[in-house]
């Protein structure tokens, strides 16, 4: 009898602890929602999203790693249950990042290809998905959240899926290994230099995040220390010690994010060492990458994808090409050798500055960049009688608005090359463009994010009356 009472008491205590933890998580989420939800206009939200790496993917900026995409709920649960069982990653069930852990890579590719085929089967033919020879350690940008546990231990890692609990990660199977080692060193230096970790609940402390970006072909490395204040104690000694451990680091930047926000980067950068940016090569062109620049995280697959997109456009050297959502100008600059004139349009002014610098760096004379809303810019050009031959569009995962698609149709391009990172929104947008007189020729899925549920797709559309 006493044993039964004791067992019952233990169960009650366990349930109470679990319920307390759930309430804490919910309260933390509610506080975060309140912090990020008030006094935020649509314009401010756009600026914050783009400030987090020129992000077209707010989920990447949030870094909750909810990468389930459009997979049905039952399939999500099945993938989670199989995750990590092959021993590849010890964090699989905790972080919620690699939702296809435990699934052989060939099966991952088949599932992604099947998803795209199902969504586009009444729209256009879908080609075989282009996968990777080596699908590990492909991320050239690594973001680590820093936290201090109640026992005083300083950790870095990622937020557990859908929460603000930091999962300590010392090495990730899809992240650049060099970047992970640098973050590990910073973790130790933060302890020895007595750097205070930012507390998102009360707004105290200094270090919030660390971002490491690596040039795939150049080998250049940028470290971004995201802090709540521009005052970083012993910053020169800190950087000197860090570089002594990692001489491959070419620049160190202090990014000031003093807002109570869930976005990663603030708007002010202070260069502590080097140029404040790195360069990398893509499809034979050189690109400058600043702390907040949008640059595809899988360089190997991006080269194939951009080359395929430009090949599908069928450029002959006579075309006027529009690069909407141009970011730092990658697609437009790569296509410029085969076009008469290229115009790149991007709302983020920092990205446009990088794009202009990239055009100069590559000695390209036939390209111009505009810091404007791409939809409004195309509408104005159409009113002035400008007609494009080809439009490249690479929208966020949520896809494009009908107003933007109307603007694309207004400049009457003969061809549209749509690069999508969301198959669901892609299907919706393609159906709308079909109503505006465009025919879908073919779709080419590309696996830019192995071990996650996301798939990129390149689609060629042509005007029916041309």
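Just so it is clear, glycine is given a Cβ too, placed from its N, Cα and C backbone atoms.
Note that TrEMBL annotation is computational and uncurated.
Look at residue 421 (active site): DSSP puts it in coil. Marked as active site by TrEMBL: 421.
Look at TrEMBL and you will find 421 tagged as active site, nucleophile.
Sequence annotations record features per position, and here TrEMBL assigns S-adenosyl-L-methionine binding site to 296, 325, 346, 394. Counting only same-chain residues at least 6 apart in sequence, those with a Cβ under 8 Å from the Cβ of residue 346 (S-adenosyl-L-methionine binding site) are 325, 326, 327, 352, 355, 369, 370, 371, 374.
Annotation comment: TrEMBL describes 10-33 (among others) as compositional bias 'Basic and acidic residues'.
Residues annotated as compositional bias 'Basic and acidic residues' in TrEMBL: 57-81 (among others).
The region 'Disordered' feature in TrEMBL is assigned to 1-85.
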Taking only the Cα atoms, work out how far residue 296 (S-adenosyl-L-methionine binding site) lies from residue 421 (active site), in Å, as a whole number.
11
Three-state secondary structure, residue 296 (S-adenosyl-L-methionine binding site) (per DSSP):
coil
Collapsed DSSP category at residue 394 (S-adenosyl-L-methionine binding site)
coil
